[in-house]
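Comments concern the structure below.
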Amino acid sequence: MSAHEENTTPLEYQTEDAQMNILGFWIFLAAEMALFGTLFATYAVLFGRTADAPAPMELFEPGTTLVMTLILLTSSFTCGIAVHEMRRGARKSMMTWLTITLALGLSFLGFEIYEFYHYASEGASLQSSAYWSAFFILAGTHGVHVTFGIGWMILLLMQLAQRGITSITSRKIFIIGLYWHFLDVIWIFIFTGVYLIGMVV
Amino acid sequence: MGLDEFFVTGEPLIYAGMVAITLVSGAIIFLLTYFKKWKWLWREWLTTVDHKRIGIMYILSALAMLFRAGSDALMMRTQLAFPDMNFLNAQHYNEIFTTHGTIMIFFMAMPFLIGLMNIVVPQQIGARDFAFPYLNALSFWSFFFGAMLFNVSFVIGGAPDAGWTSYTPLAGDIMSQGPGQNFYLLALQLSGIGTLATGINLMVTILKMRAPGMTLFKMPIFTWSTFITMFIIVFAFPILTIALALMTIDRIFGSHFFTLAGEGLPMMWANLFWMWGHPEVYIVILPAFGIFSEVIATFARKRLFGYTVMVWSIILIAGLSFLVWVHHFFTMGAGAFVNSIFSVTTMAIAIPTGVKIFNWLATLYKSRIRTTTAMMWALAFIPSFTIGGITGVMLGMAAADYQFHNSYFLIAHFHYVLIAGTVFGCFAGLVYWYPKMFGHKLNERIGKWAFWLFVIGFHICFLPQYFLGLDGMPRRVFHIVPEWFNLNVISTIGAFGMGLGFAVFVYNIYYSYRYSEREQTGDPWDGRTLEWATPTPVPEYNFAVVPHVKEHDAYWDMKQKGETIYDESKVEPIHMPNSTGQPFIMSAIMFFASFALVFEWIWLAVAGLVTILVTMGIRSFDYDEGRHIDVEEIKQTERSARGL
């Protein structure tokens with residue numbers, strides 16, 4: 001009975017320490033929800049307060065943001081495959097899928113930097129108006145999170161190369177998976193709440 | 001930037017402060033060197049991850065901050081004692097009331113309570129440490145360096161002067177130039193990181209590390225109040241993080257969240273600040289409720305009356321705490337409908353709070369009360385806090401608030417709840433758990449002197465302020481008119497009484513260290529909960545054998561049945577984390593990065609940030625899995641601690 005149970009528990013959950021780490025990370029994500037919730041609320045309140053700067057409708061490009069959304073959604077999918085491969089114990093394939101995730105995250109960032117640069121050259125920057133301050137800080141905070149996640153993932157890839165799949169590395173990978181999916185969820189809200197609404201209203 | 005801009009000049013009081021800081025730091029360095037204690041300091045304290053030691057460091061820092069912000073209070077009361085006093089000028093007065101409020105809330109009340117939680121919660125639930133001991137050390141050091149960053153402001157750069165609420169546009173870069181306001185923003189940000197981490201840490205600890213048999217509704221009430229407080233922290237502190245970050249970006253990078261230009265909304269700050277700030281009020285009061293419940297049950301020798309109801313009322317108060325923030329600015333034009341909603345939610349909080357008051361009274365009813373010092377603080381809390389609570393309901397009536405707001409009536413109200421609730425609670429908790437922390441009781445006779453001086457001083461200080469408020473004395477003024485003279489001078493006398501009480505309290509720590517009888521049993525008060533089951537001094541692993549809990553008030557139950565928790569035959573090797581200097585070093589780097597950002601030395605701040613990221617990366621490669629304490633060592637420790 002107990003042997004059977006051990007077999008069905010995923011590797012990342014097998015030690016008590018790891019269970020506590022994962023629970024702690026879920027609570028951290030709850031705090032992150034409050035954090036982004038505050039930023040969304042700020043954005044909503046300052047919506048339309050563009051002063052002399054261009055309106056979002058004039059600048060937002062449906063094409064770019066759609067591509068960004070697809071890239072990030074795909075990266076969440078590839079990250080999921082990586083965790084799946086980890087549970088199969090296939091280190092190489094898992095590292096490949098993580099690297100793909102990493103590359104997708106980087107290209108997302110590239111688009112975002114291009115986008116910010118483009119808006120700034122059209123006269124909409126952090127300093128232009130309350131609306132644009134809120135926009136840049138909301139989207140920028142998400143971008144900073146993605147950047148942080150990329151750096152973190154690189155460190156984890158190095159650790160995987162050194163140590164292989166252990167109860168500790170698997171816990172770390174599982175947690176960064178949670179983080180990465182969370183960023184995806186936040187982006188869905190930014191895509192709909194900021195870009196889609198901003199293009200219409 | 002010249003040195004004369006870097007250091008604050010021109011104020012005799014601040015020169016005295018500089019001299020005092022230099023002398024005290026010099027004396028500390030001299031003593032540490034003379035007694036060759038540097039290595040001891042580093043190995044035993046600065047690098048520790050033991051929750052009990054971290055808790056003691058929290059409490060020591062909080063007492064130091066109570067001294068600093070208390071001195072601010074006495075300076076204010078001196079200035080307000082007589083009409084047209086010229087002890088402080090307007091600018092200096094603004095700085096002092098700002099730092100008094102900020103330090104008391106962030107660097108005194110919260111760390112004091114978190115310190116007590118650190119020491120007590122793992123022991124109450126039968127755990128050996130926090131879920132994340134490393135993170136716990138990081139939390140402490142980020143709080144500590146945040147507090148230091150805030151405190152250097154009055155000699156370097158200039159103290160913030162826009163009030164502890166820092167309302168925009170006053171706190172914006174146009175009306176508050178210079179580094180003062182930046183100190184406020186970055187110091188709170190730095191210590192806020194630690195608070196959030198503590199929130200996560202304690203939640204996981206309480207959820208995952210309880211002794212076998214301890215279901216949620218068998219947890220001691222202080223652990224319950226801690227758990228709910230941590231919920232509030234996890235959901236409220238990110239709001240503060242964002243609010244502080246947005247104002248920092250406004251001030252340093254020229255964005256327009258709270259400005260008058262660029263269609264920014266200064267009222268956004270008031271909303272964000274109080275969406276965090278009101279829950280914060282309950283972050284500092286709910287743990288105090290928990291302490292009083294423990295103290296009253298112990299010294300009334302009765303099970304806490306209505307335990308389940310007590311728990312649910314804490315939960316209800318925590319939920320409501322998020323729904324009342326607008327009552328802090330009823331007069332700022334939200335309109336009658338919005339004000340009515342928030343008026344009703346505000347008054348609703350009085351219901352679960354009242355339930356708790358009646359439960360404490362019912363616990364005392366027909367009990368055999370032992371009037372120890374800790375119990376006296378708890379008994380004084382009940383009527384004093386009730387006065388504060390009832391005047392709070394008066395303020396909660398939106399229409400009436402137009403009369404009371406920004407007057408000394410409000411000042412009296414929140415000091416009545418914060419001092420009679422939180423400060424009495426901290427003192428009660430410190431006296432109560434002192435033997436667990438240091439192995440001897442505080443002297444009861446001197447403790448009662450401190451108690452009476454402080455409590456009588458408190459009422460003499462703040463009761464007159466209700467009437468001053470009704471007489472129309474506004475807050476934040478630095479001169480009084482002759483009509484307000486009598487009550488103000490009485491209030492000032494009371495303030496000095498409290499100061500004297502605090503001094504006696506601190507003297508008691510010294511006196512008891514020298515002369516108090518050493519504690520042998522580990523259970524000096526005939527306690528009810530598991531923290532009294534450990535011997536004194538508490539071994540670093542707390543429990544040699546993890547206890548099995550069957551009843552609420554687990555230790556009381558065991559004592560009634562004649563059971564002990566220590567069974568030498570059941571000892572197994574215990575896994576403990578290693579000490580590490582990383583949390584201290586990381587927080588020190590954050591201190592320097594924040595200091596650079598205060599003065600807007602952007603490149604230095606960026607360099608600091610990069611260093612922090614690098615240290616985090618290094619930490620990621622750290623697979624330190626701790627060490628095991630072997631059975632023989634445990635047996636020896638237990639034998640000597642238990643006098644076997």
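Cβ coordinates are placed from backbone N, Cα and C, and glycine is handled just like the others.
Worth saying up front: this structure is predicted, and the values here are computed from it rather than measured.
Taken verbatim from TrEMBL:
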DOMAIN    B:36-550  domain 'Cytochrome oxidase subunit I profile'
TRANSMEM  B:12-35  transmembrane segment
TRANSMEM  B:56-76  transmembrane segment
TRANSMEM  B:133-156  transmembrane segment
TRANSMEM  B:183-207  transmembrane segment
TRANSMEM  B:227-249  transmembrane segment
TRANSMEM  B:269-292  transmembrane segment
TRANSMEM  B:304-325  transmembrane segment
TRANSMEM  B:337-362  transmembrane segment
TRANSMEM  B:374-398  transmembrane segment
TRANSMEM  B:410-434  transmembrane segment
TRANSMEM  B:446-467  transmembrane segment
TRANSMEM  B:584-614  transmembrane segment
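Counting same-chain residues at least six beyond the ends of the transmembrane segment (B:133-156), those with a Cβ under 8 angstroms from any Cβ of the stretch are 6-8, 14, 17-18, 21, 47-51, 54, 57-58, 61, 65, 68, 95, 99, 102-103, 106-107, 111, 114, 118, 179-180, 183-184, 186-195, 197-198, 200-201, 577, 580, 582-584, 586-588, 590-591, 594-595, 598. Counting Cβ pairs under 8 Å that are 6 or more residues apart, the transmembrane segment (B:374-398) and the transmembrane segment (B:446-467) reach 3 or more and are in contact. The stretches the transmembrane segment (B:410-434) and the transmembrane segment (B:584-614) do not meet in space: the count of Cβ pairs below 8 angstroms, excluding pairs fewer than 6 apart in sequence, stays at fewer than three.
Between the transmembrane segment (B:269-292) and the stretches B:12-35, B:227-249, B:304-325, B:446-467, B:584-614, Cβ pairs under 8 Å are most numerous for B:227-249. Within the same chain, residues 217, 221, 224-225, 228-229, 231-232, 235-236, 271, 274-275, 277-279, 281-282, 286, 289-290, 293, 296-297, 342, 345-346, 348-349, 352-353, 355-356, 359-360, 362-363, 365, 552 sit at least 6 positions outside the transmembrane segment (B:304-325) and bring their C-beta atoms closer than 8 Å to a C-beta of that stretch. Scored on C-beta pairs under 8 angstroms, the neighbour of the transmembrane segment (B:584-614) with the top count among B:12-35, B:56-76, B:183-207, B:227-249, B:446-467 is B:183-207.
On the 0 to 100 pLDDT scale, the domain 'Cytochrome oxidase subunit I profile' (B:36-550) averages 95 in this prediction.
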